[in-house]
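Colleague: Copying in the features that Swiss-Prot gives for the protein in this structure:
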BINDING   VAL41, GLY42, ASN43, GLY44, SER45, PHE46, GLY47, VAL48, VAL49, LYS64  ATP binding site
DOMAIN    35-318  domain 'Protein kinase'
Amino acid sequence: MSQNRPAAFNTLRMGEVIREKVQDGITGETRDLQYTQCKIVGNGSFGVVFQTKLSPSNEDAAIKRVLQDKRFKNRELQIMRIVRHPNIVQLKAFYYSNGERRDEVYLNLVQEFVPETVYRASRFFNKMKTTMPILEVKLYIYQLFRALAYIHSQGICHRDIKPQNLLLDPTTGILKLCDFGSAKILVENEPNVSYICSRYYRAPELIFGATNYTTKIDVWSTGCVMAELMLGQPLFPGESGIDQLVEIIKVLGTPTREQIRTMNPNYMEHKFPQIKPHPFNRVLRKADNNAIDLIARLLEYTPTERLGAIDAMVHPFFDDLRNPSTKLPDSRHQTGQVRDLPPLFDFNRHELSIAPQLNHQLVPPHVRPTLAAQGLDIDHFTPMRKEDMLARLD
């Protein structure tokens, strides 16, 4: 275990190198890691995130440092070691270090560094008195759904989807989901806490106190993020838990008794003010029919009525991304330059096994020869068994 105190990061002298014995993020094998030049780039109730440079490669990395309760295994570490996906931030290594107090132990997660977030990108367009270009909304939300389709097929629910947890490389347009600090493998008939997820993005069943919720809470959150990127502000800006429900009702209208039953049957007898829905095309005035249709299918009161992540990926809203001639304009610098879209269809066998009946919609014709050359011919495809796709913790 490292003797470096958490404060050591803040007192690094220029050019000073810290050496750690770390465990590899994939294999768990012990190896040496050296890094230098640390600066704090984020902190919260969980701990601190430092940006650092790995030595001698000079590669940027992020180190997330959290206080570890010795009585429990760290769920975030367990899940980060399981997930491997182009749209999920990669765990490079991890190690433990002592804190200021004798009994304090910190877990340090060494992850790839991604320079931007969707939250900051959205604020950039706000300052320019405009909203994010719709092609970028499509690009980011599609990649988020791709990450969710993958983790949901493993039984993992992220439980804190919000713009701040969506990392972005503005030069490539690649999105990576981060912060699995609230993530959990959901097991049927095992209760889960309802007080998770950041307020503006909380699914109504969570506000109703449900403990038997599903991965569809992440789908609701994604609908909220998508609408926010199109609006330039949160769709449901509640000031408290119950006010959050009021904001949702102002748009979706009062849920029916049946809808309330699907969220939490214990609330059946509550009397809610009767409010008519406010159509999405009036809330999102600039949105086209495909955008409106998708958001309406994501923001359903009844969890089972919401689209699954993989179903959302094949929605016509994302058809532009499947067109091989679509290019990504540089919206930040207004140079008039365009670039290729990042890889969006480099699916592996696991991803193609999630909903094999959708593969012909999922994989555009121009990509099929590339996948076939890797042994993934969607016309002659044997999917993995669902149980083999589920994540299992030690």
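Each Cβ is built from the backbone N, Cα and C atoms, and glycine gets one as well.
Note that the structure is a prediction, hence the values are computed from the model and not measured.
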Colleague: Could you work out which of the binding-site residues (VAL41, VAL49) has its C-beta surrounded by the smallest number of other C-beta atoms within 10 A?
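Modeller: Lowest Cβ count within 10 Å among the binding-site residues (VAL41, VAL49) is VAL41.
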Colleague: Which one, from the binding-site residues ASN43, SER45, has the smallest tally of other C-beta atoms lying within 10 Å of its C-beta?
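Modeller: Fewest other Cβ atoms within 10 Å, among the binding-site residues ASN43, SER45, is found for SER45.
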Colleague: If you draw a 10 Å sphere around the Cβ of GLY47 (ATP binding site), how many other Cβ atoms fall inside it, taking every protein chain shown into account?
Modeller: 18
